[in-house]
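After the C-alpha cells below, expect a handful of questions from me.
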Amino acid sequence: MDWPHSLLFLLAISIFLGPSQPRNTKGKRKGQVRPGPLAPGPHQVPLDLVSRVKPYARMEEYERNLGEMVAQLRNSSEPAKRRCEVNLQLWLSNKRSLSPWGYSINHDPSRIPADLPEARCLCLGCVNPFTMQEDRSMVSVPVFSQVPVRRRLCPPPPRPGPCRHRVVMETIAVGCTC
C-alpha cells in the first residue's frame, strides 16, 4: 500500500474511532455538559487558561519579587551615584546599557506595595558605543510601564470605617533608552 492510500486509511479510521457524541441540528451537544478539568467547581478557584495558575498566586509572587528587589536596593553597599558610565564586565543590563540607569525607591504609604523600585537615567545623553563616552547629541529617556498596585481607599477622617483596596495600574519608569 503506497503512502496516499495509507494516509486515507488512517484518516478513515480516525473519523470512525473519533468522538461519536450525537449532535443536534445546530451543532451543539445533547444532554448536560460536564465541566472540563479547567472549569471551576463550587469550591474551586478559577485557573488562568494561559498559565494554568491561580490569579491571586501570581499577584502574591509579583508583590514578593518587588519586595525582594526593594530590600536589595536598601541593603546595597553600592553608593547612590549618578555617574554616566557603562561597565561591560557587569552582568546587570541596567549598567551595560548605552543608556544606563539606576534604581530608586518610589514610596507611597497609600499603596500596596508601598515601595516600588523605579528606574532613573544616569546620563543626559547616550553612551557612544565606539568611544564609550557620553554623547549629548542623543538623549537618554526613561521607559515607562504600567504595573498593578492596590490602592488603599479609606473613608474621610470624621467617619471611621474599614479601608477598602482597589487594584489600579500605576505608571513607573522601568529602564532607560536612547
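Glycine is no exception: its Cβ is also placed from the backbone N, Cα and C atoms.
Note that the structure is a prediction, hence the values are computed from the model and not measured.
Annotation source Swiss-Prot lists disulfide bond at C121-C176, C126-C178, citing similarity to another entry. Residues annotated as N-linked glycosylation site in Swiss-Prot: N75. The annotation region 'Disordered' is assigned in Swiss-Prot to 21-44. Here Swiss-Prot flags 1-22 as signal peptide.
Tell me about the surroundings of these features in the structure.
Around C176 (disulfide bond), the same-chain residues at least 6 positions away in sequence with a Cβ under 8 Å from its Cβ are S97, S99, P100, W101, A119, C121, L122, C123, S140, V141, P142, V143.
In the shown protein chains, 14 other C-beta atoms lie within 10 A of the C-beta of C178 (disulfide bond). Secondary structure at C178 (disulfide bond), as computed by DSSP, is coil.
Taking all protein chains in view, 7 other C-beta atoms sit within 10 angstroms of the C-beta of N75 (N-linked glycosylation site).
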Just the number: how many Å between the Cα atoms of C178 (disulfide bond) and N75 (N-linked glycosylation site)?
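So the Cα of N75 (N-linked glycosylation site) lies 30 Å away from that of C178 (disulfide bond).
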With H, G and I counted as helix, E and B as strand and the rest as coil, say where DSSP puts C121 (disulfide bond).
strand
